[in-house]
4 protein chains.
Amino acid sequence: MANSKYEYVKKSELDDRLPQYNWIVVRIDGCHFKRFTSDHEFEKPNDECGLNLMNSCATAMFENFPDIVFAYGVSDEYSFIWKETTEFYERRESKLLSLSVSFFTSAYVMNWKKFFPQKELKSRPYFDGRVVCYPKSWMIKDYLSWRQADCHINNQYNTCFWMLVKTGKTVGEAQEILKGTHKEEKNDLLFDNYSINYNELPAMFRKGSSIYRERVEETVKLDDNGEPIKRSRTKVIVGHVDIIGDQFWKKHPCILKEK
Amino acid sequence: MANSKYEYVKKSELDDRLPQYNWIVVRIDGCHFKRFTSDHEFEKPNDECGLNLMNSCATAMFENFPDIVFAYGVSDEYSFIWKETTEFYERRESKLLSLSVSFFTSAYVMNWKKFFPQKELKSRPYFDGRVVCYPKSWMIKDYLSWRQADCHINNQYNTCFWMLVKTGKTVGEAQEILKGTHKEEKNDLLFDNYSINYNELPAMFRKGSSIYRERVEETVKLDDNGEPIKRSRTKVIVGHVDIIGDQFWKKHPCILKEK
Amino acid sequence: MANSKYEYVKKSELDDRLPQYNWIVVRIDGCHFKRFTSDHEFEKPNDECGLNLMNSCATAMFENFPDIVFAYGVSDEYSFIWKETTEFYERRESKLLSLSVSFFTSAYVMNWKKFFPQKELKSRPYFDGRVVCYPKSWMIKDYLSWRQADCHINNQYNTCFWMLVKTGKTVGEAQEILKGTHKEEKNDLLFDNYSINYNELPAMFRKGSSIYRERVEETVKLDDNGEPIKRSRTKVIVGHVDIIGDQFWKKHPCILKEK
Amino acid sequence: MANSKYEYVKKSELDDRLPQYNWIVVRIDGCHFKRFTSDHEFEKPNDECGLNLMNSCATAMFENFPDIVFAYGVSDEYSFIWKETTEFYERRESKLLSLSVSFFTSAYVMNWKKFFPQKELKSRPYFDGRVVCYPKSWMIKDYLSWRQADCHINNQYNTCFWMLVKTGKTVGEAQEILKGTHKEEKNDLLFDNYSINYNELPAMFRKGSSIYRERVEETVKLDDNGEPIKRSRTKVIVGHVDIIGDQFWKKHPCILKEK
């Protein structure tokens, strides 16, 4: 049974290699996670175990895909930055997208028990994903600033919203109260009514999670004189820091270094 | 913190809606499954539990994505045919691809225990995927014929190869013996040396698995006279049949019906 | 001076082959033709010489590009339908687009003198173009119906508009009078005020121009008995007929015949 | 006649806006120019009038499309560099391509008489075109180096080839003599046999033509004391200089300046 007469169908497969010397963002986003988190009784507005589970999957991505240089996560979304010169699967978009989202999903289901030992998975968690190219590293900084600014806006709103709802307001009332309020008014609302200082909430909630590699020196053993023998190695760091300002990037110039 | 100054980065997201009135194939393929199946001691050349696990994930896809009209699976790969008029997520390629591959992966990990109750998952199974459009339904038939012909060629080769290896040949010797052999010679090799009639091997191994919906009549209860009250409903069928010839398609004209 | 160190830049050239078995439309459109036709004192609303010049260029396209099976032109626009199986330059979009629009432009400038012997070309006529794929022949019919319906709507409006302007109304007044009028009201306006029966205006103005090939029998010479010797050959026809209804397509089934 | 039922066909028009902050190259190339130049008896290997005609069209492009910042031409090809931030027609690829190639073609036919007053245009000159994006300005320099290195290689070969043919060798003999020769050998061949010093041939033949804008100071009139009143204005320059080395770009840092 020769297969050749059907092989012409392969010609319909498009060449989807992403353009050279562009930074590549793969953003993953929980699908129907409003329902998924409600089914699994996630803490609102932020479930620490849920976020740590997301971070564990993102960290696993760094181990599996060495060309990822930075990742930023907030809520049920995670953005992975691939270096501009990656040749992973010839930069084919469908490979980058499908392997990223599939690996992340696999890690999410497999790591679940570790972060929620008391909860059974009742429904299938799954994610959508997209790929975006940026020709310049300063655009990647703007991209990440966009996500972190969004994190701030959403988290501040959600913190207020859930405090109002937990203390007796209906969903509609809470929305009405918050409509059109500014940053300062929201902070005041939290402080005046609930004695919450927004800036003292956990950094992971306010800043999201940033993952990157850092060279660290570690003592591997002591020599005969009891002096430490150090070795430099690469470590994956999960931080909750400001990435909108220049400070972080000045401290880590290698992450987004251009050719 | 206004987010608007960074929002220009959204303009780099491309419009990836697939062309109208094209049939859409999403093909999912196990990544590094040679190693994964070896780590998990899958039966060679075909592991029935492994194939049934794949089929259970594909069946779940039918429940979750109603616009999938047909699926064909073999080994660690599965092709899903979306109807030509689907408007799922506006036909956006990245949504179709990422949601399909993520849902399938999630199902694979979650269903594992059911099909391999004795085996712990030792490593993360994950899949790549791709999307291909076909403008005509006869091209979809050719696409499926291409996959089923491939299934036949590979399965016949692998059946011979693993019989040789299991009976003492080295990998190199087995490859040498099979080099350049024709269909008939492979069948003879199986029959003469191992008394295996290739055509009597399980259809799932030889023909792969085809999934589709069928309207069936079912007795829901008996009426007062003891006569059966029947109701017609749609059922998802998993079959292992020939889909290269016309017979199957003549029997199921609705599956690939064009506007 | 080896060139190889720079050749990597070629990798940025994308593969732009159009999908198999799709009908291809190349639509060409005059750029800044409002100004161009005014500079060259074209008759309003329709300049017969200008339209004939357009038709002469489109006819030349048929001679130069044998895979064009149909063309439809109106005003300063022309649509060319390439057969679904064309392999012209491997179906590369940029080749199809640039060669079509460049050849058409070249013909327009070179043929100008023939259609406007008294007028000097004062500025450079040029055209934009676009490529659209359609997977089914019935969509091509709908595409052409869209253009011919548009021709009708525009021509009827313009005929009224220019009659009003030529008989003393300002542009603003004419627009005001026509605002929201229906087909019948426009016909009445023309008949009542100017004794113009819209349906008796030249078909080229009302229906646009359709170009296609037809097999015709022609007498090439007489035999010894004075009987005509006929030969069948392909002729390019320019017609001004209805292509929205089925009649034309039933009479010319070969034009859009699918594999 | 409502047009709305056909308007769905517009949905098949793809969004072809080129990615933000990329430099855009539109390269135009004569189609069947081997035959066209032979039909019109162009001087070989370089026809000065023909090249000047090409340069006149490219210069007209600068006037018509202000976002073109640089152009490089050799033989029957011309590359136009559009600035990375151009918003011309929303950066739509088909607009940029079709308008460029159409305008160039129009200029070529209209300018013909000026450069070839004795020669009638016998056939339609036309061009193909393509669009390529480059994310970094250093890639544009490499792109232009690629073209100029190609110019040198071809011109040196062609100069030798045509001298051999003009002095009695057949085409085959000339090709045989040149096969595998190096740069120096070709220069020696020209010098030893024809007393031609390659480096003294016209720069336009050896270096191609580079077009760009420069701010120049010009005396517009004299003041009452007879002192010149100068005004700075932008002028389009056609030069034949080395653009592979850094010198040109250091002298003109504005041309490829990035945001």
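Each Cβ is built from the backbone N, Cα and C atoms, and glycine gets one as well.
Of the residues D:Asp47, D:Asp67, D:Asp76, TrEMBL places D:Asp76 in the same Mg(2+) 1 site as D:Asp29, D:Gly30. Same-chain residues that are not part of D:Asp29, D:Gly30, D:Asp76 yet have a Cβ within 8 Å of the Cβ center of the Mg(2+) 1 site turn out to be D:Ile28, D:Cys31, D:Phe33, D:Ser75, D:Glu77, D:Phe127, D:Asp128. The candidate set comprises the binding-site residues D:Asp29, D:Asp76. Of these, D:Asp76 has the most other Cβ atoms within 10 Å. Put simply, D:Gly30 (Mg(2+) 1 binding site) is 5 Å from D:Asp76 (Mg(2+) 2 binding site) when counted between their Cα atoms.
On the backbone, the CA of D:Gly30 (Mg(2+) 1 binding site) and the CA of D:Ser75 (GTP binding site) stand 9 Å apart. Between the CA atoms of D:Ser75 (GTP binding site) and D:Asp29 (Mg(2+) 2 binding site) there is a gap of 9 Å, rounded to the nearest whole number. The number of other Cβ atoms within 10 Å of the Cβ belonging to D:Gly30 (Mg(2+) 1 binding site), over all protein chains shown, comes to 21. Neighbour density for D:Ser75 (GTP binding site): within 10 A of its CB lie 22 other CB atoms from the protein chains shown. According to DSSP, D:Ser75 (GTP binding site) is assigned to coil rather than to any helix or strand.
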